[in-house]
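Undergrad: Before I ask anything, here is the structure I am working with.
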Amino acid sequence: MEHFNKALTVLSSILLLAPLLMATDPDPVQDFCVADLTGTPSVNGYPCQPLSSAGDEFLFSSKLATGADPTANPNGSNATRLDVKGWPAVNTLGMSIARVDMSPGGINPPHVHPRGTELGIVIRGELLVGVVGSQESGNRYYSKVVRAGETFVVPRGLVHFQLNVGEEAATLIVSFNSQNPGIVLAPDTLFGSSPAIPTPVLVKALRVDAEVVELLKSKFNTSTVGIDEIRCAHA
């Protein structure tokens, strides 16, 4: 019994200490860490600039006061992103923000943010916001026309888009719970990769003829890789 009690005491001590031994501190351990973009980013962000070189202006930005020209983009939309590279002050803070300006009929094409959940508010105009769930949801499509003053949320990693369905230009502001949420545009990824995804792969995956794949690739200025090139490359 004595040995049992001693063993129980040791086990209890281990269980009590376990949370302390496994504790982590993923949050910032300083007031701020303005990114030194010349450094190499690590898991928690870029190295910090010396405090002496970070004045109070780093806390403020006027970059979203005016948007980018949506007509400069074939999609009729243009984004001004303030992730860590555009606003070094958000380094290690786990957040970023962006502004998207859209012409009438413009689209922010289907895309995903691999490292961040998106929260958006429409500043002006009317946008059809669409989100597609994963296979667990049966690839369910969720959508709503979101108007000025209304908000939407897109869970991390889900395909989504915004389409300007109004008669006027539209603007939305989106924030992310990541200093660098990333973006993967579906059309560019499939048809504009470098090197190009082999045409036979896309033919099989999309269940269309090679001519259709080649046409789509031509819109995104990518090269063609056929079955013979695949064989040569992997011979």
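Note: Cβ is positioned from N, Cα and C throughout, glycine not excepted.
From TrEMBL, here are the annotated features:
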type     : residues         : note
BINDING  : N108, H113, E118 : oxalate binding site
DISULFID : C33-C48          : disulfide bond
DOMAIN   : 63-214           : domain 'Cupin type-1'
SIGNAL   : 1-23             : signal peptide
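I'd like these features described in context: how deep, what's nearby, how far apart.
TA: N108 (oxalate binding site) counts 27 other C-beta atoms within 10 Å of its own C-beta, drawing on all protein chains shown.
Every protein chain considered, the tally of other Cβ atoms within 10 Å of the Cβ of C48 (disulfide bond) stands at 19.
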Undergrad: Provide the number of Cβ atoms within 10 Å of the Cβ of E118 (oxalate binding site), excluding the reference atom itself.
TA: 21
Undergrad: Any idea what the model's mean pLDDT is for the domain 'Cupin type-1' (63-214)?
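TA: The answer is 96, the mean pLDDT of the model over that range.
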Undergrad: From the Cα of H113 (oxalate binding site) across to the Cα of C33 (disulfide bond), what is the distance in angstrom?
TA: 24
Undergrad: Taking the Cβ of H113 (oxalate binding site) as reference, which residues of that chain separated by at least 6 in sequence fall under 8 Å from it?
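TA: Sequence-distant Cβ neighbours: V154, R156, G157, F176, S178, P181, G182, I183, V184.
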